[in-house]
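So that you can see what the record holds, here are the features copied from TrEMBL:
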- 1-47: region 'Disordered' (REGION)
- 1-10: compositional bias 'Basic residues' (COMPBIAS)
- 73-97: transmembrane segment (TRANSMEM)
- 109-125: transmembrane segment (TRANSMEM)
- 132-152: transmembrane segment (TRANSMEM)
- 158-182: transmembrane segment (TRANSMEM)
- 194-217: transmembrane segment (TRANSMEM)
- 381-472: domain 'Histidine kinase/HSP90-like ATPase' (DOMAIN)
- 473-521: region 'Disordered' (REGION)
Amino acid sequence: MDRRRLRRGRHPDPPEGCLSMTPDERPATPPDTATVAGRSSVRQAPAPDARLDDFALPKPPGVFRLFFARHAWIVDGSIVVLYGVPTILIVGISLVMGRADWVGDPVKTVAVVAGSAVMLVALYLRRRHPLVLVGATGVGILLVTPFFEGLAQVPSLVALYGVAVYVSSRSALVAFALLSVVRIIADLIALGGDFWGGAAMASASIFLMLVGTLVGINVGNRKRYVEALLDRAAQLGRERDQQALLSAASERARIAREMHDIVAHSLTVMVALADGADRTVGQDPARAQEAIRQVAETGRTALADMRVVLGVLAEPLAAGAPQLATDAPAAAPAAASVPATSLSPQPGHDDLDALIASYRSAGMVVVYTVMGEINPDPGIQLAMYRIVQEALTNSLRYAPDPKHVTVTVVFSRTDISVTVSDQGQSQVSAPSIGTGHGIVGMRERALGYGGTLEAGPTTAGGWQVRAKIPVTRPAGPAAERSQPTERSLAAERSQPAERSLAAERSPAATSPTPDTAREGA
């Protein structure tokens, strides 16, 4: 191995027949920014003192080596020709001239010709069946060596080299030992049983076979090492592509969950307000106009929220922002061109008041209770907000009129508990078909922080959603609530003048829907 190349951090050239990658075929470097589960991490760059040669791939083979690697049969045929032509000439001339001591004896003549032919044919199999060549060489040594000393030398070297390169180093050592024993036996036969003379005669041949074996082991180990590196690189490339597909699927599912929460909430409130306005447009035009105004306001809010979610798809490429995820705090702007809407805070606990107010305007009677110190983690607050939003949306869809819902949020040192329950059997003004993402999305949000979520009917005939999210870090001081507080809107709902338009719908327009419809919401 060239030590100068090792000092420069470069690998040796790949052996004959090995695959290689040119600079244009090298796999692209992975992105510097990786986003997993909505959280971003920036990979560190290589050390400043790292040289480019330290990461260089082995130099691709030259034109001739690449040609012979793609046409291995030419190399194998050339070896057969280079060995076969001199062998045929030597044996043929010996037969014609009759000067060899084995000429004239039919047994010896057949042994020399047969042994030479067997080794000559087996040489062509050195790459595909090297062990067959070893066996043929052993037979050839026994047949030829006692009568023609040098004919078996080349096949022995080629056989041991082929086993070391194309099988394994251990097999090459075993083959070397076997051929050495066969060689000594053949020389003993040639010398009529003289052990020391046979051993001395075989020592030179055994030394040459040892050299061929060691060279083959060196080349074979390098060949297998380079192939292992290329296989590892290909495997890493496949794993990278698979991880990219999984990350893309996870990102699509997360965005779909956000879109579902935004659209389902907004459209449910808008439908309830529109139905109420339709019922009262002839009796109280002012209230109907107010309901229509709330429909427009709810639609504008939903549109702004959708722009925030969809903006995550394009802004990292346009502005280079490393972190713009909906389940994590917004990152600092990387450029002045980043829209301000995408950098707005994600909804959290402080936005529950406005959320509940929108459902109050749609006719729901809500009892909202908050206890304990507020956890400042924005990710947990977003999950809590979306769970309450989806649960209220399901209650507005399926709970009877008037809709009476209880929302309880309890902050403790170990976990955060969110409970949303309504009363009565399920019935709506029109059939409502769920999309199948509601409860699944709530459960995924809770599981994302190691929590649990249970949803199902209650003994009183209503529906309850209960989520528990463990606290992974100490909760900070409450912003404006140092003591447990209770907010009840039931008293405000006792006055008929403040009832929502949705509560004034005609009972004849309702139709029953099973409680199981909520599981598809």
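For all residues, glycine too, the Cβ spot is worked out from N, Cα and C.
Taking Cβ pairs closer than 8 Å, the transmembrane segment (158-182) reaches residues 15, 79, 83, 122-123, 126-127, 130-131, 133-134, 136-138, 141-142, 202, 206, 209-210, 212-213, 215-217, 219-221, 223 in its own chain, all 6 or more past its ends.
Mean pLDDT, taken over the domain 'Histidine kinase/HSP90-like ATPase' (381-472), works out to 80 on the 0 to 100 scale. According to DSSP, the secondary structure content of the domain 'Histidine kinase/HSP90-like ATPase' (381-472) in residues is 29 helix, 33 strand, 30 coil. Same-chain residues lying 6 or more positions outside the transmembrane segment (73-97) and placing a CB less than 8 Å from one of its CB atoms are 16, 103, 109, 112-113, 116, 120, 123-124, 126-127, 148, 151, 154-155, 158.
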